[in-house]
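Visitor: The following block contains the structure, expressed as structure tokens.
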Ligand SMILES: Nc1ncnc2c1ncn2[C@@H]1O[C@H](COP(=O)(O)OP(=O)(O)O)[C@@H](O)[C@H]1O
Ligand SMILES: CC(=O)N[C@@H](CCC(=O)OP(=O)(O)O)C(=O)O
């Protein structure tokens, strides 16, 4: 079959345009948080997996932290349990904690691992219990006990470093371990933010189900300062699941992560669009 020269040249042009970004980011750690809302179907997961495997193959070190809030919710409903959220955190009794550990550490983690391996990656799934990765203690939300919800006490990144050195892609479920070996449910954004800080990542990418942080008229906000964010929280423009996201993005950039991005994980190849274009997509938060 004769070569379609125009098409081949377009592919060559796209590849060479990506070259400066590939050079800039080679060897750099990128923490990518993949929210449960952005993994609604197999095509979405496959497209995400291709982006991550490509990042790895061109020399970056992607570390994936996944959520699974909607998946936990669906399973709890099947069991006749309704969830309550306070400040974006799921109130987690003992029975809910079992479901969280089953869904995040089991089904969701393995779906992401499997999708990455299907695309030619070598992914390894972990929870914060593995290798003592995430040490946690009970989180009190405004002084209130909301069950087995954890805050991070310490991250020991050695297991991640070993995996990276061996060419593996770590895929982390946001479950922490307490001092007595008990499991804690931790918001995935919080885990991603802290991990990005500990690893001194180049970027923290938070993939969700909105085009970014939206203002009052539905416009995508970008280049937000701490004061602007506090105002948007105070007047209710930022609420619910966006609260932990924006807070951990700010914490990450204040702890040395070069930039944090809240992007639409429903868009095909959103990760590559963010990494390989000057303008990027979604909401950028810089230190
Ligand atoms: N200002 C805002 N801009 C965008 N989304 C917002 C805002 N305030 C609240 N949200 C809510 O936050 C949600 C994203 O958080 P969440 O549902 O926890 O997603 P994920 O599962 O990706 O972590 C959005 O779908 C939206 O309902
Ligand atoms: C304490 C807390 O709320 N934990 C979350 C953990 C999963 C998560 O964060 O998932 P998404 O990123 O998909 O929202 C939960 O139980 O839903």
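Using N, Cα and C of the backbone, Cβ positions are placed for all residues, glycine too.
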Visitor: In TrEMBL, 68, 69, 185 are given as binding substrate, so which of 50, 78, 90 is in that site too?
Guide: 90
Visitor: Looking only at the domain 'Aspartate/glutamate/uridylate kinase' (28-264), what is the mean pLDDT?
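Guide: Summing pLDDT over the domain 'Aspartate/glutamate/uridylate kinase' (28-264) and dividing by its length gives 95.
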Visitor: Which of these binding-site residues has the least crowded Cβ, counting other Cβ atoms within 10 Å: 68, 69?
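Guide: Comparing Cβ neighbour counts within 10 Å for the binding-site residues 68, 69 gives 69.
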Visitor: Where the criterion is a Cβ under 6 Å from an atom of ligand 1, which of the recorded positions 33, 68, 90, 185 meet it?
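Guide: Checked recorded positions vs ligand 1; nothing flagged, none.
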Visitor: Roughly how many angstrom lie between the C-alpha atoms of residue 69 (substrate binding site) and residue 33 (site 'Transition state stabilizer')?
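Guide: Given the Cα positions, residue 69 (substrate binding site) is 13 Å from residue 33 (site 'Transition state stabilizer').
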